[in-house]
Amino acid sequence: MQQTITKILVNGIVQGVGFRPFIYCLAKDMNLCGSVQNTPNGVEILLQCDESTVDSFINDMEAKLPPLASIETIQKTIYQTESEFTDFSILETQQGSSATKIPADTAICDLCLDDIFNPQSRYYLYPYTSCTHCGPRFSTIQNLPYDRDKTTYKDFPLCDGCHDSYTNPLDRHYHAQTVACSSCGPKLSHSFAEISQAIRAGKIIAIKSQNGFKLVVDATNTEAVEKLRRRKHRPNKPFALMALNTQSIQEHFAEVTTQQDELLNTTIRPIVLLKRHSTSTISSSIAPHINQLGFMLPTTGSDYILFYHLLNQPNSSSWLNEAYNLALIVTSANISGESIIANNDEAHEKLKDIADLIVTDNRDIAIKSDDSVFHTVIDKNLPIRRSRGLVPQSIQLSETLPNILATGTFLKNTFCFIKDNQAFVSQHIGDMNSQANIEFFEQSLEHFQKMFGLKFDGIACDLHPDIYTTYFAQKFDLPIYQIQHHQAHLAAVITEHNLQGHAIGLVLDGFGLGEDGIARGGELYHCDIDNLEFNRIGELDPIEYIGGDKVAKEPWRMALAVCHKYDLEIPNHLKEFPQAESLIKLLQNDSLPKGKTTSMGRLFDAVSSLLNVCHINTYEAQAAIELESLADISNIQYDTKSVSFKTNLNLKKLLKSIIKCDNISVASNLWHSTLAYALAQWISNSAQPRNIKNIILSGGCFQNKLLLTETYRQLKEMDFNIYISEKVPLNDGGVSLGQAWLGAKKYKKGE
């Protein structure tokens with residue numbers, strides 16, 4: 001007798017997330033016969049039933065998905081067969097390259113957390129506890145399809161108890177490839193009693209997490225924090241913090257809005273920038289001269305067990321939700337300027353002079369990644385660093401495009417590749433100024449190529465000829481598209497929001513080589529998106545400087561250049577620099593070759609130094625960040641008479657005004673708010689005559705919360721549509737997405 005079978009092919013994040021047992025249970029609940037199977041083309045579901053029942057099944061499937069699953073496409077095929085299903089079953093995975101997506105690493109779920117602190121559970125106080133709803137994925141998958149023998153858990157055969165859970169379709173550990181317990185799973189080299197005792201004693205601990213080694217220190221112990229700064233050669237850059245819960249953060253350390261609370265508790269578990277309490281018990285050395293703290297919540301069972309021991313193993317059933325005056329520095333373990341360390345031998349070699357105790361385990365990390373970082377601005381959750389918990393999630397494109405690799409840029413590097421109608425941006429690689437980061441870049445790209453079976457049609461890179469990513473792109477025997485830095489910034493926003501037609505785009509950042517060889521960073525564009533034309537229609541008034549790359553490290557140099565440019569009186573504190581007098585004379589020498597820049601990032605540096613806030617950048621954007629922290633955002637005031645612009649934005653009058661301010665907080669406020677007013681007016685004056693309503697804002701300077709908020713607000717009041725990057729960072733971490741899209745469009749166009 002002929003049977004009607006419906007084949008449903010599902011694609012998306014549907015492997016490694018409990019999707020097959022979910023389908024099994026759904027089919028059983030509906031008394032359906034058939035099967036479910038992982039295949040190279042996606043998850044294949046066969047149902048023996050009528051069409052209306054199939055439709056009901058699909059509706060339920062979409063409405064009741066497991067927490068980590070997401071569906072992108074569903075294809076239905078109906079056929080007749082002599083074979084008859086008598087039950088519903090889960091079939092063995094078909095081998096071959098997979099069309100399904102790799103899930104990101106996610107925070108431990110509540111059910112696994114309950115198991116960890118349940119003395120009757122097999123997973124009691126076991127740090128690697130996970131299930132199909134949570135745990136490591138990206139960091140442990142070595143190849144597809146996602147089965148245990150293709151993960152870093154392949155060396156840990158299941159014990160009888162874990163095997164029973166793994167093979168029971170009704171158990172949430174069914175085919176959870178990272179399921180393990182203390183009898184059969186990975187083990188730490190030290191006990192949590194030893195680790196917690198060392199932290200209490202003010203020691204620096206390097207501990208291996210699911211995505212790389214972290215340095216852990218008691219954040220309330222100033223002496224320990226200062227020791228970490230000395231050993232890391234990190235005098236001022238803020239450290240990331242971890243607290244047990246948002247109740248602890250809110251009561252003892254920082255303000256937490258409802259939006260920030262929700263973001264902190266997502267499965268991404270990012271670091272979120274929060275406003276510091278004036279009464280915070282956190283050491284002032286954590287984030288010197290800054291009014292924000294970067295907090296995250298525990299991500300793994302290991303994190304929670306560490307807090308459990310540091311809090312002396314509380315007996316209360318509600319201890320996980322109580323507020324404690326305990327916070328830890330939890331920062332990437334690395335040598336300054338290099339990527340996070342993930343290998344045990346490398347940890348012992350490179351961290352021996354930093355950490356007092358190095359805690360390893362016997363589980364390999366397939367691919368390492370730093371923690372993601374967010375801040376909340378204009379009611380949006382904006383990524384500053386897109387990495388763990390988000391990668392390798394894709395960005396959906398509006399059309400199928402050629403498969404293009406984009407190599408990113410020098411700072412905050414990521415790479416991106418387009419595969420059909422999706423763009424995949426890599427984890428944060430870092431600055432391409434060390435051999436370690438270059439190797440990390442190449443290893444990560446090789447890993448992605450292996451996982452996705454990538455073959456590229458072309459390659460896109462930065463316009464700058466002297467950075468590694470450009471050199472790397474030139475090694476391929478493929479069409480190369482060199483994309484100007486600021487056009488790539490704009491293209492990233494265009495890609496994410498599927499913009500068409502015309503837009504006015506403003507990019508403010510520290511550096512991007514212009515087609516004319518000038519160091520640019522304050523660029524106003526008319527974007528003809530459909531024709532891929534980006535015409536610069538304005539720029540920040542160019543400023544000549546002397547010192548080459550030193551100006552980015554030493555803001556006092558840029559401050560003197562600004563004084564020379566606008567004939568400003570040089571503040572006394574700048575005259576005290578030993579080289580100041582000679583530098584002024586060099587600037588005054590018209591016959592001497594000088595650099596020229598339109599960079600808003602360098603102008604922020606100059607203002608910070610002019611106001612005697614910061615003269616040396618020990619980390620990127622330090623001067624600008626400290627300047628922003630001084631502004632009183634509760635009293636926004638701006639001076640509409642102190643800015644002028646035609647094609648270029650001239651801020652001479654504003655600079656004169658802020659130098660005369662006796663109060664630094666007032667001066668910082670005046671600078672930020674008036675600059676935002678000037679930017680909004682500058683954009684409007686360019687958009688209105690062209691009858692353009694779409695405005696794009698991009699570049700690292702727009703990570704300045706006050707500047708973005710005020711510019712956005714004023715443009716909104718003028719009835720413009722404002723677009724910014726929300727899925728990738730506004731900084732250079734998002735450039736690779738724009739490069740990839742522009743390269744793919746140019747390839748498709750035949751350029």
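One-based numbering along the chain as shown.
Glycine is treated like the rest: Cβ placed from N, Cα and C.
TrEMBL annotations: computationally assigned, not manually curated.
For 5-92, the entry in TrEMBL reads domain 'Acylphosphatase-like'. Here the domain 'Acylphosphatase-like' (5-92) returns a mean pLDDT of 92 for the predicted model.
Annotation comment: TrEMBL describes ARG20 (among others) as active site. Listed in sequence order, VAL36, GLN37, ASN38, VAL43, ILE90, TYR174, HIS175 are the same-chain residues six or more apart from ARG20 (active site) with CB atoms under 8 A from its CB. DSSP assigns ARG20 (active site) to a helix in the three-state reduction.
Positions annotated as active site by TrEMBL: ASN38 (among others).
According to TrEMBL, the domain 'YrdC-like' annotation covers 189-389.
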(request) Using a 10 Å cut-off, grab the number of neighbouring Cβ atoms around the Cβ of ASN38 (active site), all chains included. (result) 26
(request) Please spell out the DSSP helix, strand and coil residue counts for the domain 'Acylphosphatase-like' (5-92). (result) 24 helix, 37 strand, 27 coil
